Amino acid sequence: MKQAMTPEEIKEKKPYLDWSLTEHEYDYICDKLLKRLPNYTEIGLFSAMWSEHCSYKKSKPVLRLFPTKGKRVVQGPGEGAGVVDIDDGQAVVFKAESHNHPTTVEPYQGAATGVGGILRDVFSMGARPVAILDSLHFGELKNNPTMRYKMEETIRGVGDYGNCIGIPNLGGETTFDSCYNGNILLNAMCVGLMNIKDMEHGKAVGLGNSIMYVGAKTGRDGIHGATFASADFSKEHETQRSAVQVGDPFMEKLLMEACLELILKHRDWLVGIQDMGAAGIVSSSAEMATEGNAGMELNLDLVPQREPNMSAYEIMLSESQERMLLCVKKGHEEDVKKIFKDYNLDAVTIGRVIEGENYVLYHEGEKVCDIPVRSLTEDVLEEPSKEIKPQYIIDAEKMPAWRPSFESSGEILKRLLNQPTIANDQFITQQYDSQVRSNTIVKPGSDAGVLRIRHTKKAIAMCTDTNGRFVYLNPKIGGQRSVIESVCNIVASGAKPLAITDCLNYGDPNDPEIFWSLRESCQGIADACRIFETPVVSGNVSLYNENDGQAIYPSPMIGMVGLIKNTDYVIPMHVQEADDIVYLVGKTTADFAGSEVQKMLQGKISGLPEAPNLELIHDYLKNLHKAMTQGLVTSAHDLSEGGLAVSLAESVFDTEFGLNINLSEFDKTLLFSETPGRLIVSVKPENKSAFESLLGSAVQEIGRVTDQRKLSIKLANDELNTDVASLEKIWKESIPCLMKSKA
């Protein structure tokens, strides 16, 4: 098939500018890497592989800040997913990915294929996916029917894909803020389990070994999806639907089972395996060849296609879903085909490993590409980004701290429970199957989801956490607080934190203020990860999250996994028994910058969040976890949005109990402070002495669990006495009422 343009026409008309490749990069490719003009197919491959989504050319210097090694880390960043040792020859495998741009444009398919892609990353490692989590960030729902529609479709996409494939969704988080009105965020996380001996890699090596394409056929959906994800939106972004992929969860289920059968039962046939994700065939094949220090030759006429007359450019850049690329030992091609045939899936040899390190493509009898493979994967032109500290942060450093003023603590609590970010998210989670496979111990709605590991006493805990408001106000402190939030959630479940994955969601990195925020927040994340011994083992970067120049808050999502060695000590979020003692873990300060109460009362956020004492928090959380493993803690709940008052209320929702709390030395405003690193725990009276001796000054006894459904809080300058049922009604009805609104 004739190329769409000659190399000379490409140089003159510059179509690559529409694919996020700059003129400087084009000249560098021509003059330094190829020493000739690239043809249409080749420049298409460069534009995809050099996109930020694939190359991380802007963010690589920042990613180097992260600690990636640890005594339990088996595989860090660089493969399909991170792998962490959980003893007994087993590992937990996990990764998070963003699908923000596709979900904003086409919410159902964008969300569904976001889930599908992250599943393939995990099972390509040889792990069976056991849980899905999602971190969803929407604009304001009130008076915004478009956002309500996008939310419904996003949730439906996540639920349909996960439910059809039979993997439980163990929760995550949902937040609402006007900064996401033009660019919603969908971050999906998958957790899998495997025996370490079964781990696979994405590599192609061994002269003459075959490159096999398996799974669904290739169509024209998702072409230039990677470059679409590496540019901001315009008012015309609805026309970009063709860059959104279409998923088939039933095909994914078959593909997963076939791949796992091959990996677990016939690993001697397999050299390497990788998902065809962003940038489709070119990304998976070029990365596998690079990893194996090999060359690769592909015949695109052999690629299974569901649409006629596809060009080499279209075949290589299609992001059709449910496809994998294998490197198979020569002589075992028919064996592999038989496995996939049993699942009614295509399995076709489309190429081979060759001498040298060139990447060669043939289409319709012509050589359409012959370039050094590393020019696509490693020779990406990195350009230093400009950075500048935003003026609003400089100004905030000179301003006095904001503190709320109000009459009634009870009324403020009711208003906070009605805020969508705080309100019960059952409207969302009830659309997900959280119990399939019968291993779920703690369902969505708690601080962390908990899943038992069959045939052992172990369990894994998992959570996702984001708070863009804190990161916006002070990126470094906000990054630290994001990690603290995840650590608290994992510890609250009874688990020891192991490692994290991340999704770094930011605006245009060419804006010096945004790039400064990216670097500073990642430094904060790195600092906290070192203190809490939670290395970064996987993740992704999603930049250009803005619409018509309006960027989202810098929103790094932390996905954390922890280990529970004995399921007898899984800790519930809700109080369990009347007369148990209630403790506040961690010190409370007047920390209101970026808080829910500030946004609710001011209509905006401002000021500087307090810097946490990372070492202090690490030490007392370590002691709290020790108390849990000794059976001293009955329940635990993290303090986050809304502060102490909200967490106290949540700990008695869906129970028969109430709380009698004495905070006579607390100013009423402190009920709503969001000081990080705090939890409320309940302890049986007979365990009081042992618990206090372990935690010391880090805990304060604040009250008792009662058998009456009343929340009573005595303060220095107020008293809150409220029926729990009325609070729970507000909390549960907020989101459903907004979704039913006609406005």
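Yeah, the Cβs are placed from backbone N, Cα and C, and that goes for glycine too.
Quick look at what Swiss-Prot lists:
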- His53: active site (ACT_SITE)
- His99: active site, proton acceptor (ACT_SITE)
- Tyr56, Lys95, Asp502, Gly539: ATP binding site (BINDING)
- Glu97, Asn540: Mg(2+) 1 binding site (BINDING)
- Ser98, His99, Asn100, His101, Arg120, Gln245, Glu319, Ser320, Gln321, Ser542: substrate binding site (BINDING)
- Asp121, Asp275: Mg(2+) 2 binding site (BINDING)
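Feature map: annotations from Swiss-Prot on the structure.
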residue: His53; record: active site; DSSP (3 states): helix
residue: Glu97; record: Mg(2+) 1 binding site; DSSP (3 states): strand
residue: Arg120; record: substrate binding site; DSSP (3 states): helix
residue: Asp275; record: Mg(2+) 2 binding site; DSSP (3 states): strand
residue: Glu319; record: substrate binding site; DSSP (3 states): coil
residue: Asp502; record: ATP binding site; DSSP (3 states): strand
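In sequence order, the binding-site residues near Asp121 (Mg(2+) 2 binding site) (Cα within 10 Å of its Cα) are Lys95, drawn from Tyr56, Lys95, Gln321, Gly539, Asn540. Comparing Cα positions, Arg120 (substrate binding site) lies closest to Asp275 out of the recorded positions His53, Asp275, Gly539, Asn540. The Cβ of Gln321 (substrate binding site) lies under 8 Å from the Cβ of Thr113, Gly116, Gly117, Ala216, Asp221, Gly222, Gln245, Val246, Gly247, Asp248, Met251, Glu252, each of which sits 6+ residues away along the same chain. In this structure the C-alpha atoms belonging to Gly539 (ATP binding site) and Glu97 (Mg(2+) 1 binding site) are separated by 6 Å. Here the C-alpha separation of Glu97 (Mg(2+) 1 binding site) and Asp275 (Mg(2+) 2 binding site) works out to 13 Å. Taking Cβ-Cβ distances under 8 Å and a sequence gap of 6 or more within the same chain, the neighbours of Tyr56 (ATP binding site) are Leu63, Val541. Listed binding-site residues: Glu97, Glu319. The one with the lowest count of other Cβ atoms within 10 Å of its Cβ is Glu97. DSSP gives Gly539 (ATP binding site) a strand state. Restricting the recorded positions His53, His99, Asn540 to those with a CA within 10 Å of the CA of Asp502 (ATP binding site) leaves Asn540, listed by sequence position. Glu319 (substrate binding site) sits 18 Å from Asn540 (Mg(2+) 1 binding site), taking the CA atoms of both as reference points.
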